[in-house]
Amino acid sequence: MFSLNGTSFTNNSLSGVSRCLNQSSRRVSAPMVVVAAVNSNGKPGDGSVSVLVENALTESPAPVEMEVKSTVTGGVQDVYGEDSATEDQSITPWTLSVASGFSLLRNPHYNKGLAFSERERDTHYLRGLLPPVVISHDLQVKKMMNSIRKYDVPLQRYMAMMDLQEMNERLFYKLLIDNVEELLPIVYTPTVGEACQKYGSIFRRPQGLFISLKEKGKIHEVLKNWPEKKIQVIVVTDGERILGLGDLGCQGMGIPVGKLSLYTALGGIRPSACLPVTIDVGTNNENLLNDEFYIGLRQRRATGQEYSELLDEFMYAVKQNYGEKVLIQFEDFANHNAFDLLAKYGTSHLVFNDDIQGTASVVLAGLMAALNLVGGSLSEHTFLFLGAGEAGTGIAELIALEMSKQTGIPLEETRKKIWMVDSKGLIVKSRMEMLQHFKRPWAHDHEPVQELVNAVKSIKPTVLIGSSGAGRTFTKEVVQAMATFNEKPIIFALSNPTSQSECTAEEAYSWSEGRAIFASGSPFAPVEYNGKVYASGQANNAYIFPGFGLGLIISGAIRVHDDMLLVASEALADEVSQENFEKGLIYPPFSNIRKISAHIRAKVAAKAYELGLATRLPQPKDLVAYAESCMYSPAYRSYR
Ligand SMILES: O=C([O-])CC(=O)C(=O)O
Ligand SMILES: [Mg+2]
């Protein structure tokens, strides 16, 4: 028991502190979260409680930081680590954590390292636990960047970043936000691919939830083991198709972790609202099954009923634990499950498949921008895809939809402008019987063609898109063929990571004599060809999903709709400046990504309101300003 401002509380009703504050201060507007309440001397009876209040949505300090001095009649320190699930859920969004001294330094959410001020060191039992110097957040960033740059191997940089995330979350995000172009390829594609391949060896601490067949029947409880309760976005994989690297089983965890760090850094969703999940139903990867350091279930993949029962239980438990409006992003599932899961849960949950929908939206944006360089409208172009899986067919469908919207021509007709080659050659009507359902809309009248190069020569596409997961498949002959009948061939090599890219930037520019409009899923450094420097764009779904996700969240959307993907594409294409076009770029630089994300978010939210899918009412007047005000900032809080 302790009392604050004349009110008594038990330790497990500390959320009452928040209510008391809220009632006693006219200066604080809900929703606010108490992030630290520390008994400054720890002795019952004569201490004081200092409390920091912050905005629940953004984790940024509230307009007014409050210090409440009051007589404490009981110790409050011992509530540290108490399960906040025991708190009265009806008073959400109040949450409370208490940390001081050594445990404060060990808590990545609150730790500031050498940036703790003299006063904080006094009031939070930090004296002696830190060396004397006090440094600024900016200097910490500079210091970390210096040490990260000393590593030559990208995986070492990745591990240094993961260590930092575990040690000081706000420093991690500030580093990432301030150095996004340099660090994106480290915490995300392509390095995250290598991290997944070696995840068993580099695994240190769990960064997300592992839900395996062993947890069947207990998933509801497993979700409760996660320390955060107010989850807004889940990225989930079953590891069967990690980037273009194939089945990495349980080691796919690097992907949800990486994607969610971008949700925070690029999209502005607070870290504690993000939950990375890996569903482990086994792996068919023999190397992993025989690897003594493999961290997952050592069995072949469960399929059929066993698989769908586990997924069903997971999806149900998520809704039970976090409500209707939690966004579930499916990532890197194999084709045979990805389409089915999206269709199955699309009507009951807020689900989004990044590989089908996010990639589609980002590629459509790139194409819209490319039209400024090559001319013509979308429907005047002809498209050929290598790879008819999630990404390929997802992009194709969104292009066909946009063409149909622009021209009024029915979707069945606009689809005919789009051709696909898979591992068995051109997708044509005579193969219909044998085709998986998601490939069928793309089977057109044509004689069978085996090789990509022959398909290119026969179809004469203006746009060639690689979504095959197979590296070096856009050969010299293929690129040269594109360059013979197109003045400016549009070539997208989307597969990830770099090793799986259908061709390199250098190949695209040199084989097309510098005429290609090129973009790739993984980043390539600028290329010099014939004395001219060519910078290419990164057609990566990282441009879309963080802003798209927050657009859904701020509007309280309950379903994803294709029209939201279309407006996200338009919003991204609008961000490409004249200066970018002059350099041949069809994507804006990632350095502007937070601003870009705010625009995408506002457009997606506006569409959700227009479609009647938004539940957060009333609609904010200025959605861009509102979106910006909701963004998580990694600025340190001051614990007074
Ligand atoms: O992770 C990325 O860079 C893009 C993506 O979703 C994939 O390749 O599966
Ligand atoms: Mg993916």
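Positions of Cβ are set from backbone N, Cα and C atoms, glycine also.
Automatic prediction, not curation, is the source of TrEMBL annotations.
Together with ARG241, ASN540, the (S)-malate site in TrEMBL holds one more listed residue from ASN284, ASN285, ASN496, ASN580, which is ASN496.
Checking the candidates ASP312, ASP340, ASP355 against TrEMBL: the one annotated together with GLU331, ASP332 at the divalent metal cation site is ASP355. Least packed by the Cβ count within 10 Å, out of the binding-site residues GLU331, ASP355, is ASP355. Listed recorded positions: TYR188, LYS259, GLU331, ASP332, ASP355. Those with a CB atom under 6 Å from ligand 2: GLU331, ASP332, ASP355. With respect to their backbone Cα atoms, TYR188 (active site, proton donor) and ASP332 (divalent metal cation binding site) stand 14 Å from each other. Residue pair GLU331 (divalent metal cation binding site) / LYS259 (active site, proton acceptor) shows a Cα separation of 9 Å. Surrounding the centroid of the Cβ atoms of GLU331, ASP332, ASP355, where the record places divalent metal cation, the chain contributes additional residues within 8 Å, namely THR237, ARG241, ILE242, ILE255, PHE330, PHE333, ALA338, ASN353, ASP354, GLU390.
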